[in-house]
Amino acid sequence: MTGLVQQWGVFEALDAAEEENGEAFVPGRRYLALLSHSGSRGVGFKIANRYSKIAKERHLELDKGVAELAWLDLTSEEGEEYWLSMQLAGRFASANHAVMHDKVSHALGEEALTKVENHHNYCWKEDWDGREVLVHRKGATPAGRGVMGVIPGSMGDPGYVVRGRGDVRSINSAAHGAGRRMSRTQAFKTLSEERWREYLAERGVALIGGSLDEAPAAYKDVEAVASLQGDLVDLVGGFTPKIVRMDAGGGPRKKKRK
């Protein structure tokens with residue numbers, strides 16, 4: 001499982017695109033764009049489970065209530081294994097994107113003007129004031145000065161290509177997306193499939209696959225999220241989805257009976 005999502009849409013460059021020397025975009029011009037989300041959920045889940053179990057075994061002194069916070073020293077054999085495994089998961093995700101975009105470009109007989117990729121829910125080794133530190137960005141993505149990134153919305157709402165401003169107060173980070181308004185389980189219980197379909201039709205979005213837990217109403221207002229990050233990123237352009245391909249899902253998850 002990789003959490004595969006593909007969106008065809010229209011990308012419109014904003015004035016901020018003029019600030020970057022050699023920027024591929026012309027402000028005000030519209031471009032055909034492909035946005036993909038293909039992480040390493042299946043691989044990452046197995047890595048996390050394996051090394052969380054090892055960490056708990058190494059720290060039996062921890063109270064049951066905080067056992068999930070058990071850690072591994074990165075200088076230990078298991079710690080080094082975990083770090084390398086996480087790096088591999090990140091490269092696995094990047095490879096997924098590269099293959100998809102290259103195949104699409106080849107099929108169309110077109111060459112991409114530019115590519116923007118960023119990780120989220122990941123850990124980086126960074127230098128802060130001469131010290132090497134670990135920065136874990138959960139629900140966030142790097143936004144160092146000049147670093148390009150994406151703040152996606154939902155299957156029916158716009159997303160943004162952004163350029164980091166390097167705000168140290170946020171540890172050079174920004175939101176990686178609109179963020180969920182409710183859990184997947186709550187979405188299945190409370191949202192209307194009819195209203196979901198109407199919302200997409202009103203915006204001219206064609207959906208292939210997808211499920212109610214990914215409905216736009218399950219997510220926060222991306223416009224509001226983006227507007228609150230003016231200190232963290234500059235908006236380079238907006239992406240409006242038109243054709244969305246997602247995993248059809250299987251409805252709400254049910255707990256297995258013991």
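In case you wondered, yes, glycine gets a Cβ from its N, Cα and C as well.
Note that TrEMBL annotation is computational and uncurated.
Listed in TrEMBL:
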ACT_SITE  HIS176  active site, GMP-histidine intermediate
BINDING   HIS37, HIS120  Mn(2+) binding site
BINDING   HIS120, ASN121, PRO152, GLY153, SER154, MET155, HIS176, GLY177, ALA178, GLY179  GMP binding site
### Message
Under 8 Å between C-beta atoms and at least six apart in sequence, can you list the same-chain neighbours of ALA178 (GMP binding site), or say none if there are none?
### Response
ILE151, PRO152, GLY153, SER154, ASP157, TYR219, LYS220, ASP221, VAL222, VAL225
### Summary
In three-state DSSP terms, SER154 (GMP binding site) is classed as coil
#### Entry: For HIS120 (Mn(2+) binding site), nearby residues of its own chain (Cβ under 8 Å, 6 or more apart in sequence)
ARG137, GLY139, ALA140, THR141, HIS176, GLY177
### Query
For the recorded positions listed here (HIS37, HIS176), which one has the lowest count of neighbouring CB atoms within 10 Å of its own CB?
HIS37
### Task
Measure the Cβ-based neighbour count of SER154 (GMP binding site), defined as the other Cβ atoms within 10 Å of its Cβ.
26
### Message
Looking only at HIS120, ASN121, PRO152, GLY153, SER154, MET155, HIS176, GLY177, ALA178, GLY179, which the record lists for GMP, tell me the maximum pairwise CA distance in angstrom.
### Response
20
